[in-house]
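The structure appears below as C-alpha cells.
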Amino acid sequence: MAAELVSSATSEKLADVDWAKNIEICELAARDERQAKDVIKAIKKRLGSKNPNTQLYAVQLLEMLMNNIGENIHKQVIDTGVLPTLVKIVKKKSDLPVRERIFLLLDATQTSLGGASGKFPQYYTAYYELVNAGVKFTQRPNATPVVVTAQAVPRNTLNEQLASARNEGPATTQQRESQSVSPSSILQKASTALEILKEVLDAVDSQNPEGAKDEFTLDLVEQCSFQKERVMHLVMTSRDEKAVSKAIELNEQLQRILNRHEDLLSGRITVPSRSTTSNGYHSNLEPVRPISNGDQKRELKASNANTESSSFISNRAHLKLEEEDEEEEPEQLFRRLRKGKARARPEDEEEPSPPQGLPGSAIHNERLNRPLIRPLPSEEASRGGDSHSQSPPVVIPPPPAKHVEREKFFKENKGDGALGLPGHMRGLSLHSRDGSSSRSGSVDFSD
C-alpha cells in the first residue's frame, strides 16, 4: 500500500505536486512505523528514477515527512541509506532544480538538528561532503525547516484537506499552486473571508436557519474552504515560522466557522446563547462586548458593595426593631399586669403565688418564666426605690412614722375600696420585705 501511494504521488505524469497524496502518505507514516519504513524505501527507489519530475516529487515528499513526523523519519532515512543516494544525485550534476532542492534540504535539516553535535550528525556529514566537493547554490536567508507536529495540525484537518483535494482534482491544485502569492497575502485574504462569513452566520436565526442555505452564504462557505486549502498548503511549504504559526491558527478558525455552518444546516444549534464559543464567536444575534479582567473586577466590587450595603441596612433595621421592642416591653407588660390584677378575684390573693408570676394574671407561659425587669447591679440596688417612683402614679399610704397622716388616709379611703390596694399591688416593686433585690417582684406595702 505504501509503495503504491508513493508511486502515485511521484508519478512522472503529474504536472505538479499532488498534495492530497502527500498528506495521505504523511498520515499513514505517522500511524504505523512499519508503513513509515516502507514509505522511505519507496522514496529511495523513486529517487533513482531517470525522470527529473519524479525525483523532484520524491524530494518534496521526503521534505514533508521530515518536517511533520520528525525523529522516526530521520531514523528511517539513515537506516535505509537515503542520504548517500541524495549526495550521489547532487554530485552527478543532474537536473538543476532537483540538485538545489536536495542541497537546501540537507542544509536546513542538519542545522535544525544541531549540526555535528546533534542527535543525527549524519545529515551534517552528508551536507559538508557536498560543500567540500565544491557544490554551491544560492541559499535562502535563515532557511530552517519548520516542524509542524501532529498536535499543531489536527488529523481531522488533514483528512478534510485530503477530501477536498481529491474532489477538486489535480488540475485545480495545479492552477492554484502555480500562482506565486506571498504568505501575508494568503493570510489576509483568508482572514477577510473568515470575518465576512462570521458576520453572516451571526445574523442567521438559529431557530430558523434558512439564511444559512441561501446562495450568498454558500458562496462564502466555498470561498472559506478554498482559503483554508491555501492556508494548509502554506503550512506545509513555508519556511517562515511566523507565517506558519499564523497560518495554523487561521486554519483552526476557518475549520470552526465551517463546522458552525454545518451545525446550522443540520439544526444542531437550536437555542441562541450569549456565551462565547470556543472559537471566539458569539452565537447570539446581538454583538456581545468582551469583558476584560478590569471590567470583571469592577463589577465584582460593585456587586460586593451593594451586598454589603443591603446587609448593613437590614442589620440596622433589625437592631432598631429589637431596641424598640425592648423599650416598649416593660410598659406594655405593666399594662398587662394591671389588667390581670383588675380581673383577679379576692380569694385568689390568699393563694400562694408562683415564684415568677402574678396570681390571677393572664400572662403567657413564656412571660411567666422570665423576670419582669432585669436585675440591677449591686451598687444600684439602693436606688431601686427611686427608679420605681418613675413608674405610673400609684396611691400609697403614708409611712408608719407619720401616724396622724396615715390614720387620716385610711379614713378617707375606707369607703371606696382603696384598702385593698396593697394586696393588689403585690408584684410591682423591685424589692422584697427585707429590702433585698428579688426577681419574683412580690412585695406588700402594708405595715
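The backbone N, Cα and C atoms fix where each Cβ goes, and this holds for glycine too.
The feature compositional bias 'Low complexity' is assigned by Swiss-Prot to 437-447.
Among the features that Swiss-Prot reports, domain 'GAT' is placed at 178-266. Summarised as a single figure, the pLDDT of the domain 'GAT' (178-266) averages 83.
Just so you know, the Cβ of Ala2 (N-acetylalanine) picks up 20 other Cβ atoms within 10 Å once every protein chain is counted. DSSP assigns Ala2 (N-acetylalanine) to a helix in the three-state reduction. Per Swiss-Prot, the feature N-acetylalanine maps to Ala2.
Positions annotated as region 'Disordered' by Swiss-Prot: 164-184 (among others).
Marked as region 'Disordered' by Swiss-Prot: 269-447 (among others).
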